[in-house]
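J.: Before anything else, here's the structure in question.
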Amino acid sequence: MQGRTGIIGGSGLYEIPGIEVIDKLDIDTPWGKPSDELLLTRIGDHEVVFLPRHGSSHAIPPHKINYRANIYAMKLAAVNRIISVSAVGSLREDIRPGDFVLVDQFVDHTRGRESTFFDGPVVAHVSVADPVCPCLRSSLLAACHDADIDTHNGGNYIVMQGPQFSSRAESNLYRSWGMDVIGMTNMPEAKLAREAEICYSTVAMCTDYDCWHEDEDDVSVDSIVAVMHANVAKAHKMLQTFFTTHADHQSCTCNCNDVLRSGIFADLKAQDDQAILPIHALVESFL
Ligand SMILES: CSC[C@H]1O[C@H](OP(=O)(O)O)[C@H](O)[C@@H]1O
Ligand SMILES: Nc1ncnc2[nH]cnc12
């Protein structure tokens, strides 16, 4: 059996029906409280830790999410891979509302979000050239196909600051940049997962055509919610399929779990306790 799998549920995904709850983890981290309690659950043979990104009543907007606390709490809960489930807008005609996209790249267009655990005095620079774990992504892709979901293999997700949606000029600009889908949450989440040496892969569920499409209504919360419920039902099916059939990728050769050995730009043994405290769970194997 693998280590624990984390699921970060986005808009609409606040619970997973029919799973066995083992424990509710009320975790405090050096970076503050995560968005909610973490639910330790069992799905088949797998221990799964579930966290609703916006809180269970969706009271936390994208720019106020404590991404560092969420990822650090996952680390403390012994999670070594995270499935992010996210609502996105489509920036391409052929990605239709209701389709899923197994994105493989992000462009971080957010501002002012706390986006690193290595805020000094311990400095680290890790590669996010490929921010998505290829193994987890291909297992999720297989699960989407098995669940009969119209799914796109790969895509660029631009992460905007929000909470307002884009202007038409911005939406067209992102299209001209080659972006495929747009959302507000996956950065800095993915970067922080990499710093925490946790595999990360997103299942992006398309809800709308943003505001660039001349024949479709501009995105609104109402239009998102209309599609979101059906998307969430598909996500439940996909997750069941994933954990029953695709969750054991024994031959994975990713190095998501081994980036700090070469990334830390400091002599950890020379640091005092105060410097190590906020990153202890990330660096304890090097001390
Ligand atoms: C309520 S629609 C806009 C909201 O939904 C997405 O969030 P998540 O990635 O957590 O599903 C999008 O990024 C916005 O935050
Ligand atoms: N059009 C859009 N822009 C940003 N975030 C979204 N989430 C869902 N649809 C979106």
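Counting starts with 1 at the first residue shown.
Here the Cβ of each residue, glycine as well, is placed from N, Cα and C on the backbone.
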J.: According to TrEMBL, Arg53, His54, Ser86, Ala87, Thr185 bind phosphate; identify which of Ser11, Ser127, Ser220, Ser223 is listed for that same site.
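T.: Among the candidates, TrEMBL records only Ser11 at this phosphate site.
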J.: Can you give me the Cα-Cα distance between Ala87 (phosphate binding site) and Asp210 (substrate binding site) in Å, rounded to a whole number?
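T.: Distance (Cα to Cα, whole Å): 12 Å.
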J.: Including all protein chains shown, what's the count of other C-beta atoms within 10 A of the C-beta of Ala87 (phosphate binding site)?
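T.: There are 23 of them.
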J.: C-alpha of Met184 (substrate binding site) to C-alpha of Arg53 (phosphate binding site): distance in Å?
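T.: About 12 Å separate the Cα atoms of these two residues.
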